[in-house]
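Copied over from TrEMBL, here are the features:
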type	residues	note
DOMAIN	6-129	domain 'Response regulatory'
MOD_RES	ASP61	4-aspartylphosphate
Amino acid sequence: MVKRPLIYIIDDDQIVLLLHKLQVTKQQLSEQLLVFSDPKIALESILSLPNENQRLLIFLDINMPEMNGWEFLELLEKQNLHVDIKVILVTSSLSISDKKKATESDLVIDFWEKPMEPVNVIQLKDQLGDWLLGK
């Protein structure tokens, strides 16, 4: 049985994590929400998940110390996971090269400017509809 997605919010800024968590919770995207300030720990958590019938929605910052969002994506894409993963980059970067690079990943479905706005989350609910409901 497919479940509603497990949501990961990954950002090194604690205030942004709180704001994004509030937006996701307010819009009831999922009952399962994990927040990480360290992308390495988030990646370890993802790799420890059971592979069967799992869906992940990841809100990922690009500019982080130690491991940036691009490095995180690269490592995630190298894994042989049988998990349905969708990534939304939520970043302060307005770089055209970052937006272009985002289109090169099969996992990335959107690119949002920080902070996450209610309208973004509402549009996402419309876009992903049944997928978010576990259908």
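Glycine is treated like the rest: Cβ placed from N, Cα and C.
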Counting by DSSP secondary structure, give me helix, strand and coil numbers for the domain 'Response regulatory' (6-129).
52 helix, 30 strand, 42 coil
Per-residue pLDDT averaged over the domain 'Response regulatory' (6-129) comes to what?
93
So ASP61 (4-aspartylphosphate), by the Cβ count within 10 Å over all chains shown, scores 24
